[in-house]
Amino acid sequence: MTISNKSWRSYFPHLRKLPEDDQYLYSDDTNSSIIAEEELHHSVDKSSKTDVTAETTAVEPHPHNLRHDLPYEVRDEAGRKWWKYFDEFEYRVNKEYKKSRKWYEFLYPNHTTQTKAERRLLYKLDIIIALYFFMLCWSKSVDLNNYTNAYVSNMKEDLNMKGNDYVYTSTIANVGAIVFQLPFMYLLPRFPSHIILPVMDLGWTWFTFACYRANSLAELRAYRFILSAFGAAYYPVSQYILGCWYAPDEINSRVCLFFCGQQLGSVTSGLLQSRIFKSLNGVHGLAGWRWMFLIDAIAISLPTAIIGFFVIPGVPSKCYSLFLTDEEIRIARARNKRNQIKDGVDKSKLAPLWSRKLWKKVFCTPAFWVLVVFDTCSWNNMTAYSGSYTLWLKSNTKYSIAQVNNLSVIPACLGFAYVIFCAFGADLFRCKWIFMVFAAIMNTVSCALLIKWDIPSKAKWYAFFTTYFSVAASPCLWSFINDFLRFDPQVKAITWIAIYSFSQSTYAWIPTLAWPTVESPRFKTGYTVSLIFGAIYGLWTFVVLFFYKRNEKKHALGNGIILYDSNKGEELPEFVKKNMEERDGYYYLKRSS
């Protein structure tokens, strides 16, 4: 049913059933029994029962799991150069894709199977998904940063906050987010995201509103705990959805919008708090910081929740979108098949959450632990969100409260440029790791300067202005996680939540030890901890790259690459000789196959 239908269902999100759904959806992932694994040196995911090209034409799958619409590169691994280790897409795409891709089309990468219809789909996705998550992250960031701005705008004095009360309150809020993420291991693959996120956002809105009436520290902590519990879903669920719609060389720039929303929240929170404090402080007997919580809830968070219900599309295999046509849904599914992204599993085929086999698939995979370390380092090297810069400004008596709020937005404004540089650069050059290492280097230099502290004023301002490099490469990190986990939706949901919960749990207690408010404004311990995690983050990038390359090599056939190594006495696989023909340097299935 399309939006042109005038029944009531046309105006509310509903499951879009296509005629071929009974055949398309939820095929099992099994390895082909025809091609031996040792011959190919990779595992092959079983294709679903019908294939849809970008032209939305059905093609019967080949019994060897080879596709009629894909040119294959036969690659002899003999003599492989050492520097190929640093080629992130070595096994992710074949040379035909690399040649057809024009550098200036990195936002909408060119491929011979792409059509104008596919580009139109991407334009729509950028509007209804990427921009919505930009708005969602902005909404959340405004509130999270509002806590810091409220603290320096007399909330500290009004609620009699002393010593480390500021950081302890943040820790309590983090605990709420961590604990209430865990149920989404069960909910995410089973319930539509266009219901999950808006419902959680409504809870977030209510308790943001409640913060305005907090009359004691204990009351504020209770509200922040419950508020964070309702915000537990939006990070992992949003990334889960983005990973189901975008290809690996498209997703960095879209996740970039998510993080730009975060930076915009930092900017607008400071500016709004400054303006509200100046204009509304004392109006109707309410302090300026209380007005900010009221405005945040009613004018920002509530509209975001309502809009989300209508624009979040679900995933291609279970699409609820009002704005995508049937043909665009088919194209999205074909793109996922082309990129080996499995986005849906029938509920009846989901393993029970307590299944030992399921948890073994999660925890006994080396990539899980590699990504846990990676994300933990990412969380704990974040000087950008420590509040240290704002507290340093407040400690300088020459700045008024309004000036502190205005100046506090400068690093976040620069953060826009840093995030865009890393994310768009990663898509442009198809190379995430180099931008992650660069950001880690910049962050460690910033931390080193702030550890020394007694440095020229210009050097200190430079150090504070580069703190947002600690989050600049986060889109690249999350894109790595999405690409690692694209083969199994249930494992992806559990792994995303597990990685995120573990990493965030360390962020619940490490900042308490590393950034005690009593050390303000110098925070020598905090900058030292951030430097250590930042250095490990940069070095660990190469470990992640190793496991990523190993994983993609196993799935090279699905990416259009047939591998063998003549140095090991291997020959061209027999199925290539029997079932394929060479044309213009590539191998295609014979038309009779």
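Cβ coordinates are placed from backbone N, Cα and C, and glycine is handled just like the others.
Marked as topological domain 'Extracellular' by Swiss-Prot on the basis of sequence analysis: 1-121 (among others).
The annotation phosphoserine is assigned in Swiss-Prot to Ser32 (among others) on the grounds of a large-scale study or a structure entry.
Summarising the annotation, Swiss-Prot assigns phosphoserine to Ser33 (among others) and lists a large-scale study or a structure entry as the type of evidence.
If you look up Swiss-Prot, you'll see Ser43 (among others) marked as phosphoserine.
What Swiss-Prot lists as transmembrane segment is 122-142 (among others). Through the fold, the transmembrane segment (122-142) approaches residues 108, 197, 201, 204, 231, 234, 238, 241-242, 245-246, 250, 254, 257-266, 268-269, 272, 296, 300-301, 304, 307-308, 311-313, 321, 323-324, 328 of its own chain, all at least 6 residues removed from its boundaries and within a Cβ separation under 8 Å.
Taken from Swiss-Prot, the feature topological domain 'Cytoplasmic' covers 143-166 (among others), and the record attributes it to sequence analysis. Long-range neighbours of the topological domain 'Cytoplasmic' (143-166) within the same chain, counting only residues 6 or more positions beyond its ends whose Cβ lies under 8 Å from a Cβ of the stretch, are 204, 208, 214-217, 220, 224, 227, 265-266, 269-270, 272-273, 277, 287-289, 292-293, 296, 300-301, 387, 390-391, 394, 401, 404-405, 408, 512, 516-518.
As annotated by Swiss-Prot, transmembrane segment applies to 167-187 (among others), with the evidence given as sequence analysis.
For 191-211 (among others), the entry in Swiss-Prot reads transmembrane segment.
The topological domain 'Cytoplasmic' feature in Swiss-Prot is assigned to 212-224 (among others); the stated evidence is sequence analysis. Through the fold, the topological domain 'Cytoplasmic' (212-224) approaches residues 147, 159-161, 165, 169, 172-173, 176, 286, 290-291, 293-294, 297 of its own chain, all at least 6 residues removed from its boundaries and within a Cβ separation under 8 Å.
Summarising the annotation, Swiss-Prot assigns transmembrane segment to 225-245 (among others) and lists sequence analysis as the type of evidence.
Taken from Swiss-Prot, the feature topological domain 'Extracellular' covers 246-291 (among others). If you average pLDDT over the topological domain 'Extracellular' (246-291) in this model, you get 85.
Under the heading transmembrane segment, Swiss-Prot lists 292-312 (among others). A Cβ distance under 8 Å defines the sequence-distant neighbours of the transmembrane segment (292-312), meaning residues of its chain 6+ beyond its ends; these are 12-13, 128-129, 132, 135-136, 139, 142-143, 146, 149-150, 153, 193-195, 197-198, 201-202, 204-206, 208-209, 211-212, 241, 269, 272-273, 276-277, 286, 320-323.
Under the heading topological domain 'Cytoplasmic', Swiss-Prot lists 313-361 (among others), citing sequence analysis as support.
Annotated transmembrane segment per Swiss-Prot: 362-382 (among others), in sequence order.
Secondary structure of the topological domain 'Extracellular' (383-408) per DSSP (helix as H, G, I; strand as E, B; remaining residues coil): 18 helix, 0 strand, 8 coil. Residues annotated as topological domain 'Extracellular' in Swiss-Prot: 383-408 (among others).
Per Swiss-Prot, the feature transmembrane segment maps to 409-429 (among others). Residues 103, 106-107, 109, 249-253, 255-256, 259-260, 263-264, 266-268, 270-271, 384, 389, 435-436, 438-439, 464-469, 471-476, 479 of the same chain, all 6+ positions outside the transmembrane segment (409-429), place their C-beta atoms under 8 angstroms from a C-beta of that stretch.
If you look at the transmembrane segment (493-513), the same-chain residues 6 or more away from its ends with a CB under 8 A from one of its CBs are 164, 167-168, 170-171, 174-175, 177-178, 181-182, 184-185, 188-189, 235-236, 239-240, 353, 358-359, 362, 368, 371-372, 375-376, 378-380, 386, 481, 485, 525-526, 529. Assigned with DSSP, the residues of the topological domain 'Cytoplasmic' (313-361) fall into helix, strand and coil as follows: 22 helix, 4 strand, 23 coil.
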